[in-house]
Amino acid sequence: MARNKIALIGAGMIGGTLAHLAASKEMGDVVLFDIAEGMPAGKALDLAQAAPVDGFDSNLKGTGDYADIAGADVIIVTAGVPRKPGMSRDDLLGINLKVMKAVGDGIKEHAPDAFVICITNPLDAMVWALREFSGLPHNKVVGMAGVLDSARFRHFLAEEFNVSVEDVTAFVLGGHGDTMVPVPAYSTIAGIPIPDLIKMGWTTQENIDAIVKRTRGGGGEIVALLGNGSAYYAPATSAIMMAESYLKDKRRVLPAAAHLTGQYGVDDLYVGVPVIIGKDGVEKVIEIELSDEAQGNFNVSVDAVKELLEACKGLDSSLA
Ligand code: APR
């Protein structure tokens with residue numbers, strides 16, 4: 001059986017980490033694409049030289065030619081620029097929107113059957129634009145944010161309760177960023193919901209509120225600590241989990257930015273919700289009952305995403 005092919009568009013910090021993970025897990029052959037000359041080939045060669053030591057068989061190729069992504073089963077997109085000091089949100093949006101146009105055109109021409117996972121920020125707007133530019137079916141284009149946001153929530157909860165991260169499940173909805181909606185009522189320690197744990201005296205509402213706040217600002221906390229760049233280990237690990245669910249038809253239930261067609265009262269928008277990812281991509285959007293408070297917070301998050309889409313439409317008339 002032929003190996004799977006994973007194409008990574010953007011070979012920067014997350015792209016390089018994705019390549020390392022995908023190759024060392026033998027998920028398939030890996031193509032690293034970037035506009036930076038030489039860099040993707042350098043990373044591919046470096047990783048290929050780790051293979052004999054670690055014992056993995058994956059072909060790695062660095063390229064600046066979209067033809068090399070032909071036949072990719074999975075494409076993970078991190079191409080773009082991060083927000084730098086002095087750059088407005090609209091500046092960032094304008095630059096990364098153009099990147100999504102180039103990437104979408106490349107995918108449309110060379111790998112229209114791929115399952116595409118977008119990581120580039122601002123996530124919910126970029127994944128929507130990438131879908132529009134690529135023309136792929138909505139179920140084959142998804143945004144990675146929820147797995148990362150819920151992983152951050154789980155890490156903080158495991159610390160708070162002093163239990164294994166494996167026994168913590170967390171539920172996060174909404175857009176990626178300050179407006180994301182962690183939902184403690186659907187977050188558990190070994191199946192016990194957080195509100196019950198508060199009643200049991202394991203923690204306090206104040207501590208949970210602080211954890212929710214820290215989760216919302218999780219990306220910014222790392223940016224401030226690194227001083228240069230943003231998180232890459234956890235984002236890459238999260239996207240790999242989504243890719244594996246697709247390639248192995250695992251049907252994992254994961255929070256992801258998915259295209260909504262009326263669920264949660266939202267139409268034709270990408271926003272973070274629980275979905276099932278299997279061999280057909282996003283196979284189901286799971287619609288749960290929300291408390292008035294959670295629905296209210298979700299609506300605020302959706303409005304923030306809508307505003308970004310309007311800005312995208314203003315910047316590129318083909319999206320209007
Ligand atoms: N086509 C392909 N690659 C591009 C393009 C383009 N049009 N424009 C920029 N790139 C490449 C850059 O050359 C760089 O190597 O995208 C890469 C981005 O890598 P980093 O700057 O290291 O960023 P990274 O930390 O990997 O994050 C990527 O994910 O979390 C988001 O906000 C983050 O949008 C950012 C993205």
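Glycine residues also receive a Cβ, built from the backbone N, Cα and C atoms like all the rest.
Any TrEMBL annotation is an automated prediction that lacks curation.
A sphere of 10 angstroms centred on the C-beta of His176 (active site, proton acceptor) encloses 27 other C-beta atoms. Residues or ranges marked as active site, proton acceptor by TrEMBL: His176.
As annotated by TrEMBL, NAD(+) binding site applies to Gly10, Ala11, Gly12, Met13, Ile14, Gly15, Asp34, Asn96, Ile119, Thr120, Asn121. Secondary structure at Ile119 (NAD(+) binding site), as computed by DSSP, is coil. In sequence order, Ile14, Ile76, Val77, Thr78, Gly143, Met144, Pro235, Ala239 are the residues near Ile119 (NAD(+) binding site), counting only same-chain partners six or more apart with C-beta under 8 A.
Positions annotated as substrate binding site by TrEMBL: Arg83, Arg89, Asn121, Arg152. Its Cβ placed at the centre, Arg83 (substrate binding site) has 17 other Cβ atoms within 10 Å.
Positions annotated as domain 'Lactate/malate dehydrogenase N-terminal' by TrEMBL: 5-143.
Taken from TrEMBL, the feature domain 'Lactate/malate dehydrogenase C-terminal' covers 148-310.
Largest Cα-Cα distance over the residues recorded as binding NAD(+), namely Gly10, Ala11, Gly12, Met13, Ile14, Gly15, Asp34, Asn96, Ile119, Thr120, Asn121, equals 17 Å. Less than 8 angstroms from the CB of Asn121 (NAD(+) binding site) sit Gly80, Pro82, Arg83, Leu92, Asn96, His176, each of them six or more residues away in the same chain. For ligand 1, the nearby recorded positions are Gly10, Ile14, Asp34; that is, of Gly10, Ile14, Asp34, Arg152, His176, these have a C-beta under 6 Å from one of its atoms.
The least crowded of the binding-site residues Gly10, Gly12, judged by other CB atoms within 10 A of its own CB, is Gly12.
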